[in-house]
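Feature annotations, courtesy of TrEMBL:
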type: BINDING; residues: 159, 175, 196, 279, 280, 281, 282, 353, 368; note: ATP binding site
type: BINDING; residues: 196, 368; note: Mn(2+) binding site
type: DOMAIN; residues: 243-457; note: domain 'FAM20 C-terminal'
type: ACT_SITE; residues: 348; note: active site
């Protein structure tokens, strides 16, 4: 039921997202005709937003965000719950806390699982969470409000980040505020020397959801007390030794890491209040191993040397012959990530991860987005090179991008509205207006790139997933 890629004479190929959209298109005007309907459903993309309804609500109610998906098979869940057993054996299938100080003494069954556990159990081969998952809001609420019982520095990486633990054993990765929201990255700074931004992690989660990907773990903003919620509860002696009080009375710390962990780059409260992002942790690697893949379009991370893709315009031809990009949807999965990175100007995507259980036939995890949204005044065209060289895009992605370019669903407007629900929005908008305007400008660039791919050919081919 799948057309051979080699049988299609087109360099721009649209790949369907769901099995229900498996109609094959060809001819000069097919791409334009697709803008007016979705698969076999004949749904207009340009319907008016209902009176009194927000743009974000209208977007998530649109048929493009409600494409029927097939049932998830037993093998397509990341984690499994043990089946029911006899009452005499029930203790083997109930989560029981060890009653540590600060932790809840509780038993978890299917009816009272905490949101972080439900999030883990709902991860499938295709996505981290479902389009209208009712568990996401309670999960974000708990991340933003639950008492912190432990804070330790996370090992690895180049900059400071902490693992926060809550009474129900949930955990989140904390990234602290390093600079003001409207402060642009220094033009003389190389991308691999840039600060990570807490608001970038939050905005990346919202953008990923608006694009319909659902490949970034939920992230929320929070004001933490540096003393009560980090210093007083940490068992990390190395971290504890880095706390100090600044000359103006603010409590600061800097931890241990490869970059920016020194008194000159300390993280400081005001005097103890600190803005942070909290991203829910994925299942432990002992339960769900992840595989790390080097990006084919990885930058050289050198001040003078260029990567091969920067000098070879036909570079994608070799990539398309190399596993896992030579079959399946891995290449368009990667292009999805490229579009996300271009929209938020993230140049630091050197690797990506997948859940090893699912092999090559699964989605890509869009992790570690702290270096995004550094500049609003300049776009970075090199991020979009994979799309330009390969001229491939998933059909559902292209249709959603078209939708988000229309006034009634404008990307900047739905992002502004989505971010307004984050707790830190009461302090200041998570993205400044110039950053929101840049999203619309970059979206137009992506659509123009796809149009140029179309112009280079005489027709369009569709390859069902």
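Glycine residues also receive a Cβ, built from the backbone N, Cα and C atoms like all the rest.
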Per-residue pLDDT averaged over the domain 'FAM20 C-terminal' (243-457), given as an integer
94
Determine, to the nearest whole angstrom, how far the Cα atom of residue 280 (ATP binding site) is from the Cα atom of the residue listed as 'active site'.
21
For ATP: widest Cα to Cα gap among 159, 175, 196, 279, 280, 281, 282, 353, 368 in Å:
20
Pick the one among the recorded positions 196, 348, 368 whose Cβ has the fewest other Cβ atoms within 10 Å in this structure.
348
When you measure from the Cβ of residue 280 (ATP binding site), how many other Cβ atoms are you left with inside 10 Å?
23
Using all protein chains in view, find how many other C-beta atoms are within 10 Å of the C-beta of residue 159 (ATP binding site).
19
